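Chemist: Grabbed the feature section from Swiss-Prot, which reads as follows:
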- 78-180: domain 'Fe2OG dioxygenase' (DOMAIN)
- His98, Asp100, His161: Fe cation binding site (BINDING)
- Arg171: 2-oxoglutarate binding site (BINDING)
Amino acid sequence: MLTCVPGVLEKDDVADFRRIMDAAEWEDGRSTAGAQSALVKRNEQLPPDGDLARTLGNRIISALTANPRFISAAIPLQIFPPLFNRYVASDGHHFGVHVDNAVRGDRMTGLRIRTDLSVTLFLSEPDDYDGGDLVVEDNYGSHEVKLPAGDLVLYPASSLHLVTPVTRGTRVASFFWLQSMVRDDHARSMIFDLDTAIQSLVERLGRDDPETVKLTGIYHNLIRYWAEV
């Protein structure tokens, strides 16, 4: 399931992020890549253990925990500290096809997660750069994603994916992973669809409508059946 979540960060927050990040020191993005990914990764990152990345990452996590659509789609158990990258056209940056590591560990906190979902939060407007599309492959084909700044996309971390070469401008984003309470993507997708339908019914019929209450009970029982906490 590939899901877009609009407006995770307000435009003023994005501008503040960019002001801070544009003045920062960046390093070779291959420093956090696995052996296979390092062969096809050409970009830059903020030092992942630096105070700047941690401070900005905490702001993102705060925004995520207040976003109902993100919570509904991801059902997060653990969120890996967000990382930050940029792709600069003049440096020929791109990221060839790869799959993310199944387990990620954070050196500073000792946190280890199973990477159920990969997340990209866009921090550049689509008009600011050419190329730089996130391309995610699944059983239904390839999906090209290029969202407004402040929006994010969630997709299964098991997916093959790539970032096409940036040919003009600079693409800046945050990327990270999370472990969901519901491991199976198909089950998580069904729960998300059910929750979306329930919220629509609540708007039309009210939260105390008997059928809405019944469906809400089914939702929680499915979570209870599948959740690993």
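Counting begins at 1 with the first residue displayed.
Even glycines carry a Cβ here, placed using N, Cα and C.
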Chemist: With Cβ-Cβ distance below 8 Å and at least 6 positions apart along the chain, what are the contacts of His98 (Fe cation binding site)? List them in sequence order.
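Modeler: Non-local contacts for His98 (Fe cation binding site): Gln36, Ser37, Val40, Lys41, Leu160, His161, Leu162.
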Chemist: To test your reading of the Fe cation site: which residues beyond His98, Asp100, His161, same chain only, put their Cβ within 8 Å of the Cβ centroid of those residues?
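Modeler: So the additional residues around the site are Ser37, Phe95, Val97, Val99, Ser118, Ala157, Ser159, Leu160, Leu162.
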Chemist: Does anything in the same chain, at least 6 positions from Arg171 (2-oxoglutarate binding site), have a Cβ under 8 Å from its Cβ, and if so what?
Modeler: Arg86, Tyr87, His93, Ser124, Asp128, Tyr129, Gly131, Gly132, Val163
Chemist: Under DSSP, is Asp100 (Fe cation binding site) part of a helix or a strand, or is it coil?
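Modeler: Coil, per DSSP.
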Chemist: On the DSSP side of things, how many residues of the domain 'Fe2OG dioxygenase' (78-180) fall into helix, strand and coil, could you say?
Modeler: 6 helix, 61 strand, 36 coil
